[in-house]
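Contents: one structure, followed by commentary.
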2 protein chains.
Amino acid sequence: MQAKRILGIDPGSRITGFGLVSSVDRTKAPTWITSGHWSLKQEEMGERLSQLYFSVHHFITEFKPTEIAIERVFVHKNAQSALKLGQARGVAIAAAVAHQLPIYEYAPKQIKQAVVGSGNGMKAQVQHMVKFLLRLTENPQADEADALAIAICHLHSHQPWGIP
Amino acid sequence: MQAKRILGIDPGSRITGFGLVSSVDRTKAPTWITSGHWSLKQEEMGERLSQLYFSVHHFITEFKPTEIAIERVFVHKNAQSALKLGQARGVAIAAAVAHQLPIYEYAPKQIKQAVVGSGNGMKAQVQHMVKFLLRLTENPQADEADALAIAICHLHSHQPWGIP
């Protein structure tokens, strides 16, 4: 049986976390392959979106994930930040779609539940548990930890995508 | 001198208008090549975004625009619809970015100014003027007319992109 390679993505208009884990089956602990975050420094949102597109595209080309997992987003209080987040999310999704990879999405509560056992866990708990579950030597950066948590959540549950 | 082929895009999470016009230089009237709208019928937003990505991608492959023009978006009252619009916008931008096409964007008022001479024109005026300027035989559909108006606006002005 071929191992799944799950790419978790936590998109943002400034920082996008990514984490790649693999798993042969559900009974085995997942294996960390690589993770990090893309920090989009350009002033222009257009250039940031372009950089994000190519970052995801090149990552997929190099690391060949078999599935993508992404956080479901609910209403934001601020419409302008919702628009920016939507654009970043659309760009990341498009890069995955261009590679014809299946995309799965999970609610924030599901993701926290999968890694800290409660839907109301704090950021630091997520970082700590991701480090523990993947046997990392140090705490991952916050967005990187979220991306890894999304990938772990996907390995536990399995749900076709239904982006709101 | 090679003719510019401008693809105007008016992205939406349900309907995305497109319009391709060409122009040899600013002194000549632009020539209509093709236009229409993609109506995304799937229930799942993920499938709609995927369809939109491939619609833009295949259009670019077939019609080979040299530049893309898109409407700048300002704050929406509703954060949820801003997120949806942002995603559709991000997907359309990513498809253009994947083809390494330059993207330009214009404020709604600039676009109206370019086709009806006032920043406060009505939808029907835009449709009427687009039909007149491009010598079409009938009024284009509303989103299609907006996309053509964006392309015409780009031919009049010229501004590097700065997506907010």
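Even glycines carry a Cβ here, placed using N, Cα and C.
Positions annotated as active site by TrEMBL: B:D10 (among others). If you take the C-beta of B:D10 (active site) and look for same-chain residues 6 or more apart in sequence within under 8 angstroms, you find B:T16, B:G17, B:F18, B:I70, B:E71, B:D143, B:D146, B:A147, B:I150. Mapped onto three states, the DSSP output places B:D10 (active site) in strand.
Annotation source TrEMBL lists active site at B:E71 (among others). Look at B:E71 (active site): DSSP puts it in a strand.
Taken from TrEMBL, the feature active site applies to B:D143 (among others). DSSP assigns B:D143 (active site) to a helix.
Among the features that TrEMBL reports, Mg(2+) 1 binding site is placed at B:D10, B:D143.
Per TrEMBL, Mg(2+) 2 binding site is recorded for B:E71. A 10 Å cutoff on Cβ-Cβ distances gives B:E71 (active site) a total of 22 other Cβ atoms nearby, all chains included.
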